[in-house]
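A.B. asks: For reference, TrEMBL lists these features for the protein:
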type     : residues : note
DOMAIN   : 87-209   : domain 'Palmitoyltransferase DHHC'
TRANSMEM : 12-32    : transmembrane segment
TRANSMEM : 44-67    : transmembrane segment
TRANSMEM : 140-160  : transmembrane segment
TRANSMEM : 172-197  : transmembrane segment
């Protein structure tokens, strides 16, 4: 727990928390208040909707930070007759001096092997792996929706101003806030779209690079390449989000997560 606490207190993680608080306060108590007023029914409704999105994003963010992405069980040993072993890469980690399951990679930052590792994210102070991938997806989903929502409120407030800005400082504040919201919306939304693509193919970021090379080599030989763990879009989504569609949008609904050492493979 001490390691997780130190990760939470790292500068990148604290910066994200500060940014969330800044965007929430300026959106609700500055832009929304100035545009619709919080004591109006429409203003209160928008405030509740945005607060819900911000709350869900914060819950998913904390889950991504504190949930262990998954380490190799000490009792793990590869099954030589397992078709996943034949289709996967090396089953032995020279750095950990231990066998590792398919789709597992060694993280140089965490200094250990991580199950179905996607990447190490400094913004959560943690690896994105098998056990916390759903919370990470949820975080960037709610983050992208909330940031776009905030940007819309900002522009509505700006267009609503009839008398312009009362001071240069206020004008500078609005310009900088608007630029920050636009950049934030584009960045998080692009990241979300990218991971939805990976999710639909059952790829991690690491596996995407490997698949791109495998596809190129297959084309040179006149063959087609398909990622061995791509079992169809819906099945791929269920493997991460769960079989209950009602729980897809709740970042802490991870009852479907198993030990992360075996994965269904396609028959192609």
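Note: Cβ is positioned from N, Cα and C throughout, glycine not excepted.
Explain the structural surroundings of these features, please.
C.D. replies: Computed over the domain 'Palmitoyltransferase DHHC' (87-209), the whole-number mean pLDDT of the model equals 91.
Long-range Cβ contacts of the transmembrane segment (12-32) within its own chain (Cβ-Cβ under 8 Å, at least 6 residues beyond either end) map to 38, 43, 46-47, 50-51, 54, 57-58, 61, 65, 122-125, 146-147, 149-150, 153-154, 156-157, 177, 181, 184.
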